[in-house]
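Trainee: I'd like to ask you about the structure that follows.
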């Protein structure tokens, strides 16, 4: 989930004034947690690629066409600028700033994934409480920035008047995705989480074809097929004793994959809001913080409303829900009550929330310095590193996880699919001023 966007000036596409003044395409960014391997710019779930997370951040891209600059029309977008005019989306040279930014993004992406799992160790029995706390944290951040941008004139009344029913649908999908993702992550071995999160890319391709009618290139389709094959091979590694997922019920990896589907559906709806909003606003797309703020607000509401249903799935009756929330708060603060296995709180959950925010900011900054492609490749590089780190003995996870041969093969196939999906596409050159 991307937290900040930047005001950039860009050239208009030479086309008829109203309907085609801007060809818009929203680029979701995933929050591993909220967000993951393509940016979970979320929460939010740890995000993974330039397209995922809680309050998934979206970028606007101009489609190819003859360009001309008519003054400097400032629009607030994310994922639009790049460091060079190469048509493949890659910078012409890797300066010190780009190398530092890329390295920092990869490091924060790995930390984000690792702390996502570690934060759920003390709160293993209270994943919905962590989901609620995280979601409300992002609501505060988003609406604070929204207010400041409204006061500065960047956000208009027309943007705030956009239909709220779509934001409600986005919030409902993200609420189910975040809550179910955290519930499953608490029960899964660490290395399996980055792998299963990559199914987000597959769901996104399917939904964008069915809902938006988008067409994808052959290398993108092949990349998604490889990602699917990698996930299946990795999950199948639990069939034998001593394997990564041998002690895990099939319910939990299935729930994690379903979580990715809900969050992917939310990202597609956000993309539709950007496209349709630009039509209603006469060519000017809605500010990213309008979409993220209202989406996250409804997400927090639905996480709260769905608590009785979600907690019941874990065997907690509605009558015991107040006691569950009270115990969750005590465990989160690690203070008061009959605490069991809450060691590590509140440090680990707070570290995760802070790292997730820092990761999303770093990712957007890298997009600004280079391109969405470079940022996506940086997030992809974090996947195998995260798998390796999560297999090692860690604080509160002292035993580590032995990676089977089939799990390693599945991971390699998955990473190959991610790279193939993000291969440079000259005709999709990003425009920048």
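Each position is counted from 1, following the chain as shown.
Every residue gets a Cβ built from N, Cα and C, even glycine.
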Trainee: If you look at how TrEMBL annotates this chain, which of 316-334, 373-391 comes out as transmembrane segment?
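Mentor: Here TrEMBL associates transmembrane segment with the stretch 373-391.
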Trainee: May I ask whether the transmembrane segment (128-148) has at least three C-beta pairs under 8 Å with the transmembrane segment (195-213), counting pairs 6 or more apart in sequence?
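Mentor: Judged by the Cβ rule, the two regions do not touch, with the required three close pairs absent.
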Trainee: Is the transmembrane segment (220-238) close to the transmembrane segment (373-391), in the sense of at least 3 CB pairs under 8 angstroms with a sequence gap of 6 or more?
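Mentor: Answer no: the transmembrane segment (373-391) and the transmembrane segment (220-238) share fewer than 3 Cβ pairs below 8 Å.
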